[in-house]
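What TrEMBL records for Lys205, Lys260 is active site, schiff-base intermediate with substrate. Per TrEMBL, Mg(2+) binding site is recorded for Glu245.
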Amino acid sequence: MTLLNADADFPLSRPRRLRRDDFSRRLVRENHLHADDLIYPVFVADSADLAGPVQSMPGVERYTLETLLPVAEQCLELGVPVLALFPVISQEFKTPDGRAATDPDGLVPRVVARLKQDFPELGILTDVALDPYTSHGQDGLLDDNGYILNEPTVEMLIKQALSHAQAGVDIVAPSDMMDGRIGAVRRAFEDQRFIYTRIMAYSAKYASAFYGPFRDAVGSAANLGKADKFTYQMDPANSDEALREVAADLREGADMVMVKPGMPYLDVLRKVKDTFRVPTYAYQVSGEYAMLKAAAANGWLDHDKVMMEALLSFKRAGADGILTYFALEAARKLRETA
Ligand code: PBG
C-alpha cells in the first residue's frame, strides 16, 4: 500500500463521499440546464413543395408559415424563450447577389410579422446571411474570380437586417463573417431608431464540415458544390483569432456573441467566456445533431442521456444559452424530470 500512503490527503480527502448519494450530488452540482437556456432553430420554406422532413436530420422538418405556428406555440408552452428562423428559398428566387434576402415583403419578414402578432411573448431571432438566397450558395457577392467581396456584401446585409427589424424581429444574428458587419448593422439600426433590436453576433464561426446537413436542409449544398467558405469563416486550427473576432463584434455593438460549431469548439467557448464575461452562446450545429441522432437510431448511444449530457457540457464550458435542434425534446425531458 505504499502508493496509497504516498498521497498524504487520503483518506482525509475522499471525493467519493459527496458522490455517494443523490442528495449530495445535487447539493454540489455546479451547472444546470434549464429551458431558459435553449434557442430552437427551425426551417421555414417559401413553398409547400419544399416542406417536409430533412433526410439527414431525423425529427427536423421544413415548415411552411402555417405549419410553423403550432411549433411556436410549443416553444411557449415548454418555456423555450427564442425561436430562430432559417429560410428555405425556391431555386427560382436565388440570384448571384441574393437580392431576395433584402425584400421587405419576403418570406422572413412575413414569418416574423405573423409570429410576433400571434405570439408576442416569444422571442424571434433571424439569421442575417445571403447563402439561402444566392445561386452559388456563398454568403456574399462574388468577384470575377469567385472571391467574396466584403463591403458590397455588408451593404446587402444591412438591407436584410433592416427588413427583419421593420417586421419586428427581436434579435438579428449575422452569420456571414464579413468584416465590419456588426457595426454597419448597428449604425443602421440606430439611424432608423430600431434601438431595441438586439444583435447576436456569430463571432467565432468556423469553416466547418459539421454544417453539412444544414446546407441540405436549406438547399445550398448543391449550389455550393465543391466550393468552401475558408476566405471568410474561421480556420478550425485557430482560437486566439476567435478572441479578436469577439472583441471586434463587441466594440461594434453586439449584445451577445456566439461560438459555432459547439461540441468540437468547447475550448473556444470557455476562452471567450473567461475573457469577455458577456452573454455567450453556443450553436450545436446540424452535423452534431445528425451524429447523435444516427448513433441513437442504431442503438449505439442512449438518445436522451447523450442529448442532456451534450447540452449540459455547453453550460459547463460557459455558455449562457445553446442553439440546438434538440430544444423542444430537451425542454420536454427537463419538464419530465423536474
Ligand atoms: C448560414 C448559416 C449556416 C449555418 C447557420 N447559418 C451554414 C453555413 O454557414 O454554411 C449552419 C447551422 C447548422 O449547421 O446547424 N450562413
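Glycine is no exception: its Cβ is also placed from the backbone N, Cα and C atoms.
Keep in mind that what you see is a predicted model, and the values were worked out from it rather than measured.
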Requested in this report: Would you kindly give the Cα-Cα distance separating Lys260 (active site, schiff-base intermediate with substrate) and Lys205 (active site, schiff-base intermediate with substrate), rounded to the nearest Å?
Outcome: 5
Requested in this report: Let me know how many other Cβ atoms fall within 10 Å of the Cβ of Glu245 (Mg(2+) binding site).
Outcome: 22
Requested in this report: Tell me, if you would, which residue among Lys205, Lys260 (active-site residues) has the fewest other CB atoms within 10 Å in the structure shown?
Outcome: Lys260
Query raised in the report: What's the CA to CA span in angstrom from Glu245 (Mg(2+) binding site) over to Lys260 (active site, schiff-base intermediate with substrate)?
Result: 13
